[in-house]
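Scroll down for the structure; my scribbles are underneath it.
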Amino acid sequence: MSYTVSSNSVEPNPGSMIQEERRSTSFNVQKMFEFLEGSKQKAVDTLSIMQQLERDPILRTSLRYYEYGTEKHREETAAKISRMAQYIEKDAPDMQTFQNRLNLIAVVDPQLGTRIGVHLGLFLGAIRGNGTDNQFNYWAFERGAAYIKGIYGCFAMTELAHGSNVAALETTATYNRKRKSFIINTPHVGATKWWIGGAAHSATHTACFARLKVDGKDYGVKVFVVPLRDTAHMLQPGIALGDIGEKMGRNGIDNGWIQFSNVEIPKEYMLSKFATISDDGEVIEPPLAQLAYSALLGGRVTMVTDSFRTSERFITIALRYSVGRRQFKQGKAASNNKKMPQSESQIIDHPLHQHRLLPLLAWTYAMGIASNQIQSDYKATLSMLESGVRTQDMKVLGVAIKKLKQLFADSASLKSTCTWKCLQLIEECRQACGGHGYSAYSGFGKGYADHAVQCTWEGDNDILAQNAGRITVQQVAKMLKTDMKPTGNFSFLAGKSKIGHTIDAEDISDLSKLLLALETLICRLSSNCLDLLSKNEQNWDSISTEKKSLSHLYAIQYMLSKGIQRLTEMRQSNNGGINTPIKLLLSLFALSGIKEYADVFLQFDVLSTQTYAKLKERIGTLCLEIRPMVIGMTDSFKFSDFFINSVLGCYNGDIYNDYWKAVNSLNDAFDTKAPYSHDLEAMLKRPTVAQRENFEKGSKVLQKLSN
């Protein structure tokens, strides 16, 4: 058989288009990378870690990763955990370097990041946040938990019947005065610890959240270190546990359930930084017992970074694909186009495609700015808090508590907003890659399934958003009642409720005016919430949707204000021409956020219908201005193909050949007859209905029966 190839058929060459746009990038990509990482030194450190991870054969993650079943995922993850434990020893005592390493490996292998993050961030974090210095030093260093050596921990907070409402957990820790010990019990199936990462097969110890009971009196939820397995990795007496089964994603994590039946632990295993118990059972609690939950904020802060890194990866894939792929012809002649496919347009040049993806690129940059800021705030606040608790310096402690409250609001708002936005981004990017985005080898499917849980764990997003929104309303209420001006990141609230500010057409190109508009709306919506509360007998549930909106708006305000601050700080420096691209991205981010809440802006007269029309036009203009820079803007993330791990987003841009080679290398082209083919063959060769009924209903038979 012979084939005739049209003489004017041109083989697509997406790589050449991507390389051409890469060469025409108008700004310094390295400078942009340094901006995203927070400083030149941080950029150097990040690249160094990236290179180490990519070159490590044990940490290698290929396209085959997308075909693994649960057993293979867990087997490979265990080997990677062992390897990462060696990096902990290498990075020590600078645990921030290892945290950066963990954040980066989680981009390409989220389940690995979680497996180690649960141990270091949650188990060890709970001990650090709730334990005394002696307790932390013992478990972390003497027993080796800081290096995943000797101890591998899990975090037993969530129960089958309780998750977000931590104060209502039902596992009990009853004090035995005679034996100076606690008896840990699971009173009923609803109190079974559930979703506990690492519990099913890995963890030797757990940080167990349980109700402290002494002589029948309930002192609320405290944290206890409970051994689960002995040195032979056998279950301790009274411990029952198992696997909770298949999940939507991250099946490399052995999430399990735990039940405790009269499990006895020494009195000293109760973490006692904030609450202590004497030998005779006297419980002493500080007036600020809520400080015990400060350790939980670390996970939320980390998820802002996770959302940024994950968004970097998937927006890169979608934009490289959209630059390299041609489809349809733009313009009036499109319907009459008779030319060959080479005359088709790059799909990124279709306006709808720009409106779908470029605001998400802007959001990614905004999340990067927020990530750097909240990470810095978290470290500073925790350091101050620990210093205040250690020295009992009430002045330092007072400042730390104020900062902690601010951090709670910021992290709740940003965690919920950024994880939601990242999940939306992954799915939009998948759809923007058409049918090929549905391939497992694109990375989108597993990426979505793996990221979805971020919207639920470490604080359900709806609960966190309502909590953050409530804090904003309370800040406004306090200001109106006492004339005390809010401080910290809430300082913008002062006076804005009295300003009759409306966005004018000329304001939509002014970042400071857009920021003012956001701040004005937050004030007006908060004041409206106070009116609704007074009409509904202070029932906070009556303003649930408003609180959620306030949280999202506050997150947008936070990211925009920090972005403007960063932009202002670098104006005088030699920045390689990145000011203009960043300003364009921040403008698109701000306008996209305002458009998302246009109904609320219109409701409270911060935006007119005429200006809204101009705002939408400006978004289109910004997309056109940003369009030529998308390759440079995504190259600025510095993700190699190891981190991208997608046939649609490789650096060389050779989409079709990369995809073709992957499919043929991972699937045997000669294996064309499947083990189940006999079922299909039997179906195709099946006898007729009459034959299968042995002709019992045929005319001859019926004629015989009628005589």
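A Cβ is built for glycine as well, from the same backbone N, Cα and C atoms used for every other residue.
Annotated features in TrEMBL:
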type     : residues       : note
ACT_SITE : Glu458         : active site, proton acceptor
BINDING  : Thr158, Gly197 : FAD binding site
COMPBIAS : 1-11           : compositional bias 'Polar residues'
DOMAIN   : 28-139         : domain 'Acyl-coenzyme A oxidase N-terminal'
DOMAIN   : 154-263        : domain 'Acyl-CoA oxidase/dehydrogenase middle'
DOMAIN   : 293-471        : domain 'Acyl-CoA oxidase C-alpha1'
DOMAIN   : 510-685        : domain 'Acyl-CoA oxidase C-terminal'
REGION   : 1-22           : region 'Disordered'
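Computed over the domain 'Acyl-coenzyme A oxidase N-terminal' (28-139), the whole-number mean pLDDT of the model equals 95. Sequence-distant contacts of Thr158 (FAD binding site), defined as residues of its own chain at least six apart whose C-beta falls under 8 angstroms from its C-beta, comprise Lys193, Trp194, Trp195, Ile196. Counting in whole angstrom, the residue listed as 'active site, proton acceptor' lies 12 from Gly197 (FAD binding site) by their C-alpha atoms. Residue counts for the domain 'Acyl-CoA oxidase/dehydrogenase middle' (154-263) under DSSP (helix as H, G, I; strand as E, B; rest coil) come to 6 helix, 52 strand, 52 coil. Contact between the domain 'Acyl-CoA oxidase C-terminal' (510-685) and the domain 'Acyl-CoA oxidase/dehydrogenase middle' (154-263) does not hold: fewer than three of their C-beta pairs are under 8 Å, each pair 6 or more apart in sequence. Taken through DSSP, the domain 'Acyl-coenzyme A oxidase N-terminal' (28-139) splits into 94 helix, 0 strand, 18 coil. Every protein chain considered, the tally of other Cβ atoms within 10 Å of the Cβ of the residue listed as 'active site, proton acceptor' stands at 23. Glu458 (active site, proton acceptor) falls outside any helix or strand according to DSSP and counts as coil. Summarising the environment of Gly197 (FAD binding site), the number of other Cβ atoms within 10 Å of its Cβ, over all protein chains shown, is 24.
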